[in-house]
């Protein structure tokens, strides 16, 4: 099945970017071999140099797109410093892409706690043991830290580390791209002046 045979109707007619994203993600979940929620996250350091890495989208609604991380990691420090970020989803099986960018806010403690409890126990231990993005002397040092926290939290619930939580990108721009023949692709961008503004829809040259 081609990308053009998916999503009923012409996606360029949609006026609701979050609803359209939900439709595309659902189709990616049925089509992608793994991790349809994987997304490239771009941040900028204090010198204006960009960094990009893959993360997993863990939620979205009309307020924005949520992912979780160690706030002491490179991406955490850069987001806390610049308070803005960008994402790019690419679903090769569908020949589609979604780009978005905007200011970033921290999710509530209740929201972060609720998600943290859904993680595998080993992943929760790892959130304590890993000094993410810091130099690591050896693999043994990491495994030792994991063993120490495993012993510390052998009984009962594992609390969420104070340095581990979620970010929500509140997009001011969302672009939907669909592959077409001869590189005459469809590009529709939704723009708004602020995270609470009204959307303007613009068709872009490929």
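Quick reminder: no glycine exception, Cβ is built from N, Cα and C everywhere.
Counting every protein chain shown, the Cβ of residue 177 (FMN binding site) has 20 other Cβ atoms within 10 Å. In the three-state DSSP reading, residue 177 (FMN binding site) counts as strand. Per Swiss-Prot, FMN binding site is recorded for 53, 54, 55, 56, 57, 58, 68, 69, 75, 97, 132, 133, 177, 187, and the stated evidence type is sequence analysis.
Positions annotated as substrate binding site by Swiss-Prot, on the basis of sequence analysis: 58, 115, 119, 123, 183, 184, 185. Every protein chain shown contributes to the tally, and the Cβ of residue 58 (substrate binding site) ends up with 14 other Cβ atoms within 10 Å. Following the DSSP three-state reduction, the secondary structure of residue 58 (substrate binding site) is coil.
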(message) On a simple 10 Å Cβ count over all chains shown, which one of the binding-site residues 68, 115 is most densely packed?
(response) 68
(message) Of 58, 115, 119, 123, which is closest to residue 177 (FMN binding site) if I measure between C-alpha atoms? They're all binding-site residues.
(response) 58
(request) Pick the one among the binding-site residues 55, 57 whose Cβ has the fewest other Cβ atoms within 10 Å in this structure. (result) 55
